[in-house]
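Scroll down for the structure; my scribbles are underneath it.
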Amino acid sequence: LICNDSRLHTPMYFFIGNLSFLDLFYSSVYIPKILLTCISEDKSISFAGCLSQFFFSAGLAYSECYLLASMAYDRYVAISKPLLYVQVMSRRLCIYMILYSYTGGFLNATILTSNTFTLDFCADNVIDDFFCDVPPLVKLACNVNDSYQSVLYFLLASNVITPVLLILASYLFIIAAILRIRSAQGRLKAFSTCSSHLISVILYFGSFLYIYSRPSSSYSLERDKMISPLYTVLFPMLNPMIYSLRNKDVIEALRKLFKLAQT
């Protein structure tokens, strides 16, 4: 829809399109293997397959953290500087922010993958989860030293805590800008442009912090297995719906596409 409709060729929809791509790619890392495991008698995954799944899922997850922070800045500029929005959020800046999101995400995924898969695994090599992730792999390790735990905390701080702080700072400025709007209808309209992003942030970072902000000694695989399908399957599926069903421009573009398909 964003590619086909010229009215959606704006910075906000440029970021939404990249978010949709990330969600589609992120779910594709997991779902095919999960479905194959469900219908096949062979429940195994190769070491290389596990490593690849781990690397791409981490890279895409970290990239989405940075992307959501970029989208918060985009909303700040749109509300606080509406007349300068197009000039400030230039196409060049938007592309740089996307490139930074992917570069930062996959660079940190490389650090996490290399440190995780050099651990000594001495358990029975049974991953008690739907996919290769940090908690079940840590449970298979003979011993998790302090340096590995430090790497996890560093990655949590750089890829999750820092984007969350940037998002909070953006929303503080957004709230200040909204309060300066005199009419209640204007304030409501300004806030509604942020509501979809705010819902996505709460869902994504809430589950992310719950799974990965705890020390390894407190991991509960049974509990985590109930949570993991939410952020690997459900939330990526909900994001496009959250941004489209609440957006008049997207709904209008969808109607236009259906009309063209019927003619």
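Glycine residues also receive a Cβ, built from the backbone N, Cα and C atoms like all the rest.
Heads up, TrEMBL stuff is auto-annotated, nobody curated it.
Database features, via TrEMBL:
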DOMAIN    1-243  domain 'G-protein coupled receptors family 1 profile'
TRANSMEM  12-31  transmembrane segment
TRANSMEM  51-73  transmembrane segment
TRANSMEM  93-111  transmembrane segment
TRANSMEM  153-179  transmembrane segment
TRANSMEM  191-212  transmembrane segment
TRANSMEM  227-245  transmembrane segment
Out of 12-31, 93-111, 153-179, 191-212, which stretch touches the transmembrane segment (51-73) the most, going by CB pairs under 8 Å?
93-111
Rounded mean pLDDT within the domain 'G-protein coupled receptors family 1 profile' (1-243) lands at 85
